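For reference, the structure is listed below as structure tokens.
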Amino acid sequence: MCPLQIHVLHLIQGNQKNRKGKYVNMTRQLWYILPLLFLLCHCVTSERRCYFSKISKTCSHASKCLLKADCSDRNLTESPKFNESVVQIDLSNNSINVFPDLPRSLLVLDISRNPLKQFQKNAFARLQNLTTLSIVNNTYGLQPSNLTAGIFKGLTRLTYLDLRGSWNGTAYPEEVLSDLVSLNALRINGKQKGFGVLMRKIHALKRLDISGSEGDCKIDCLHAGYFQNVHGIQELNVSNCHLTNILEGTFSYITNLTHLDISYNEELSFNILRNISKDLKNTKIEVLKINKIHCTFGVGTQIYVSDLKDLQNTSLRELHANSNRLETIQSGVLMYLPKTLQHASVSDNKLTMGMYALETANLVNLKTYDMSLQFKSHDPRDIFSNCNDTRNGYIRNRRPHESEGEISVRKKLLNDQIYRWKDDQAFEVYQNTSNNNQHKLMFPFPSPFPVPLPQRLEIAYFNTSTLHYPLLKYRIGNNKIKEIYAQDNVFYDLQGPLENLEGLEILDLSNNFCTNLSTFFFDYLTGLKSVKLNHNILGFSLAKDEKGETFKNLLKLKHLEIKYNRIQVLPKKILRNLISLETLDLADNWLRKFKVDLKHIKGLRHIDLSNNQISELPPGVMRELDEIAKSSNLTVNLTGNSLLCNCENEHFLRWIVTSTIRFGFHGNDTCQTRFSKTGRVLMSQGNEFLLVLERNCRSYTAVIVLFSCVFVILLTVIVCGVVYRYRWKLRYLYYMTKGRYKGYSSLKTKSEEGDYEFDAFISYADEDRQFALHDMMKNVEREGNLKLCFHNRDFIPGFDIAVNITNAINNSRKTICVISSNYLNSYWCMYELNIGRMESIYSRNGEDVLFLVILENCSSSNIPFSVFDIIEKKSYIEYPNDTEGDIIFWRKLRDPISM
């Protein structure tokens, strides 16, 4: 963006913030803008090719804003024109061959990787404010002919100069550089010849980089006079310079040296360590980097006491010795390292276990220790690298430079270290003797096995080091360790517990082929905030923890990763006490169901269940997640699962659509359904598809149940009504059938001619027995010469009463019912009356069989409807209960019976 554009934009924004009406202050703004339009000519060209940005975000007035112009990688052949507000310009990676005319206000200039052919003598004369200049990898190279003496004379404020890959002279351009009296940092190609006396004029020089990292450095040997004229430097980088030797005294003049990097000089080897350490003991050294000073392939290397013993009285804070094929460290070396050491790195080596491991506790102020990437594979093409592995021999574990007195001191230090942990129990150490026999040496170590660590150690890297052990019960020495990275090893059994690690906050045990995680492994790791157990085989082990014992003490844990662990099922209580958990990552497992209890994890923010086999979440889990989402911005990642969108789990899709939880579905995430031609539907179309499910999955169960109930009720009412309506017929048919097919015999059987055995069956109540057995038997049976059936006399004992009644009525020509109040109140009397009715209807073809005798007057309210029906439709006779009436009564009674 052009500076004018930025300025106008600020004006408009300011006007919008302050205006109270449509045209307020418009005239004033126009008069304010017009004088600035002359800037347009200066940025017409550059605005098409450069990107401008403000250096300070707090700048509010465009005319006073300092700008940065990024014109890199624009294929420019000449520099654009810039106004004085531009103070930083990047013209790198273009095709500019003439040094441009730049604004006087310029502070920072990068014109690297351009084919600059010539510099005018006064090219930098007007850039008196310039503080930083980079001319890296100039295509044609800078020669004494085009970078002449005095060209930098006006750059009195320049503090940083980078000429790497550009200066092609055989020596350092001392005459050119000596004018830069304020120069603080110089980066230039390393030359065989050291720095001359003219460099002493640059008193401010503190940082010197002659490495070949981006430039070109070819120096065979560094000697005592190489840096004699730049003895004020504090930081020195001579890495990647093809060095083969560094002589004693090289750094002895640089008494203020704090940082030294001699890395990536593969032909140096550890032979030069003694020379370096001797020189550095008189300096202020704080950081020493000796990475890859051995070639890649070869036998393992060793560091001896004499290599580093002179460092013991220095102020060294950092020591880097990576990629040196380091296999072992002589006992006592670590004891000679200074107490000020805070960071040590020996990664990408081939360290084996040795007694030196016990000496790490002497590094009392060490905060960071990196021994990662042990036995790492390398590019086979490195076998062609030049090597200088010649190492002076040693006798009985000592260097030729090591005196007998030094050996005695080292052994005493070692013994003090071994006996530091005194205990009643003994720890056995096996040591091979010269005749290959094994002897047991007893040392007073406690059990469980002690692991000494530096007391102030905070971060330890053991990752990718081919450590092949079960983590059993260990007691860690006094420490302040907070982070342990032990991924990519073979800790196949996490048994534990690891005692005295209550302050540990981060633990990474990923990719360790671990198959077992005991329920007490984390018992003492109560301060953990982040645990990573990815790429293991813990699915079977975790599935057994039904009580949730594994993580029970991790009350402060915030981040838990268990990806790629072949987990098929997780117990409900597995996260029982993780009340502080914020992130749970279970991605890329074999989970089909997720029924873990989450209601106690109120601060949960992210759950990753991606790439499992989950079809839906249980209702209980959905309710718990919704409750958590009320107090936190919860995200649940369900991508890559076999989600179902059918009628059976319509509630799950509805929950996804309506919940406030973010699910992070991508554009191509789908769920399986039978309501789509493709068998899948995009999760992004969840709202629309939910309507499809509602339409296709509408339940008619309630309607069906309701109609079924109504139908059953109606059918029941109808059946009951029919049964009630024909109850006597059914009873009659039942007992007739029962008597016929169940072996019952009749009282008397009909004659072959169809005559009945009895002339009449007399139905009466027991209370009216006198009338029936005395009066009727005398006046009807005897005088009328008729045969009557009385139940007191003619029923066959042992048979059902109902069967006897049915048979008696069936074998009698008439049925005489003696009606009285007692008769109406008798169940069996009413039964006999109704069976008589059925007999006349169904067996006698409508013949008048039933005859009523009203023995006494009864209240109409007590007479059943069925009796009323008979009285209304059939003739009956009332008993007169007087002498004259009796004669007529008995005669009228005998007449219908005998008919």
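Cβ coordinates come from backbone N, Cα and C, glycine included.
Remember, it's a predicted structure, so these values are computed and weren't measured experimentally.
Annotation source Swiss-Prot lists N-linked glycosylation site at Asn25 (among others), citing sequence analysis.
For Asn93 (N-linked glycosylation site), the count of additional Cβ atoms within 10 Å of its Cβ stands at 17 [all protein chains shown]. Residues or ranges marked as N-linked glycosylation site by Swiss-Prot: Asn93 (among others).
Confidence across the repeat 'LRR 3' (128-150), taken as the mean pLDDT and rounded to a whole number, stands at 83. If you look up Swiss-Prot, you'll see 128-150 marked as repeat 'LRR 3', on the strength of sequence analysis.
Around the Cβ of Asn129 (N-linked glycosylation site), the number of neighbouring Cβ atoms within 10 Å comes to 15. DSSP gives Asn129 (N-linked glycosylation site) a coil state; it is part of no helix or strand. Residues annotated as N-linked glycosylation site in Swiss-Prot: Asn129 (among others).
The Cβ of Asn168 (N-linked glycosylation site) lies under 8 Å from the Cβ of Gly141, Leu142, Gln143, Asn189, each of which sits 6+ residues away along the same chain. In the three-state DSSP classification, Asn168 (N-linked glycosylation site) falls within coil. As annotated by Swiss-Prot, N-linked glycosylation site applies to Asn168 (among others).
Per Swiss-Prot, the feature repeat 'LRR 5' maps to 181-202. Residues of the same chain lying 6 or more positions beyond the ends of the repeat 'LRR 5' (181-202) and with a Cβ under 8 Å from any Cβ of it are 156-172, 174-175, 208-212, 215-220, 223, 225-230, 238, 241.
Counting only same-chain residues 6+ beyond the ends of the repeat 'LRR 6' (203-229), those with a CB under 8 A from a CB of the stretch are 136-137, 159, 163-166, 181-192, 194-197, 235-254, 261. Feature annotation from Swiss-Prot assigns repeat 'LRR 6' to 203-229.
Neighbour list (Asn237 (N-linked glycosylation site), Cβ cut-off 8 Å, at least 6 residues apart, same chain): Leu208, Asp209, Ile210, Ser211, Ser213, His259, Asp261. What Swiss-Prot lists as N-linked glycosylation site is Asn237 (among others).
The C-beta environment of Asn256 (N-linked glycosylation site), restricted to residues of the same chain at least 6 apart in sequence and closer than 8 Å, consists of His231, Gly232, Ile233, Gln234, Thr283, Lys284. Per Swiss-Prot, the feature N-linked glycosylation site maps to Asn256 (among others); the stated evidence is sequence analysis.
The repeat 'LRR 8' annotation in Swiss-Prot covers 257-282.
Using a 10 Å radius centred on the Cβ of Asn275 (N-linked glycosylation site) and all shown protein chains, the other Cβ atoms total 20. Positions annotated as N-linked glycosylation site by Swiss-Prot: Asn275 (among others).
According to Swiss-Prot, the N-linked glycosylation site annotation covers Asn313 (among others). In the three-state DSSP scheme, Asn313 (N-linked glycosylation site) is classed as coil. Sequence-distant neighbours of Asn313 (N-linked glycosylation site) (same chain, 6+ residues apart, CB-CB distance under 8 A): Lys281, Pro338.
The feature repeat 'LRR 10' is assigned by Swiss-Prot to 338-360, with sequence analysis given as support. Long-range neighbours of the repeat 'LRR 10' (338-360) within the same chain, counting only residues 6 or more positions beyond its ends whose Cβ lies under 8 Å from a Cβ of the stretch, are 300, 311-332, 366-376, 414, 417-418, 452-454, 461, 465.
When secondary structure is read from DSSP and collapsed to three states, Asn388 (N-linked glycosylation site) falls in the coil class. Contacts of Asn388 (N-linked glycosylation site) defined by a Cβ separation under 8 A and a same-chain sequence distance of 6+ are given as Thr244, Glu267, Leu268, Ser269, Asn271, Cys295, in order along the sequence. The annotation N-linked glycosylation site is assigned in Swiss-Prot to Asn388 (among others) on the grounds of sequence analysis.
Taken from Swiss-Prot, the feature N-linked glycosylation site applies to Asn516 (among others). Around the Cβ of Asn516 (N-linked glycosylation site), the same chain contributes Tyr492, Asp493, Leu494, Gln495, Leu538, Ser541, each under 8 angstroms and 6 or more positions distant in sequence.
Under the heading repeat 'LRR 15', Swiss-Prot lists 554-577. Counting residues 6+ beyond its ends, the repeat 'LRR 15' (554-577) has Cβ neighbours under 8 Å at 510, 522, 525-540, 542-543, 545-548, 583-598, 600-601, 608 in the same chain.
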Request  = May I ask for the distance between Asn129 (N-linked glycosylation site) and Asn93 (N-linked glycosylation site), taken between their Cα atoms and rounded to an integer number of Å?
outcome  = 24
Ask   = Sequence-remote contacts (6 or more beyond its ends) of the repeat 'LRR 3' (128-150), Cβ cut-off under 8 Å?
value = 92, 104-119, 121, 156-169, 173, 175-176, 179, 214-215
Ask   = On a count of neighbouring CB atoms within 10 A, which of the glycosylation sites Asn637, Asn668 is highest?
value = Asn637
Query = Per DSSP, what is the residue tally for the repeat 'LRR 5' (181-202) in helix, strand and coil?
reply = 5 helix, 3 strand, 14 coil
Request  = Please report how many Å separate the Cα atom of Asn668 (N-linked glycosylation site) from that of Asn637 (N-linked glycosylation site), as a whole number.
outcome  = 14
Inter-residue Cα distance where the pair is Asn93 (N-linked glycosylation site) and Asn275 (N-linked glycosylation site), in Å = 42
Inquiry  = Under DSSP, is Asn637 (N-linked glycosylation site) part of a helix or a strand, or is it coil?
reply    = strand
Ask   = Between Asn93 (N-linked glycosylation site) and Asn637 (N-linked glycosylation site), what is the CA-CA distance rounded to a whole number of Å?
value = 43
Task = Determine, from DSSP, whether Asn256 (N-linked glycosylation site) sits in helix, strand or coil.
result = coil
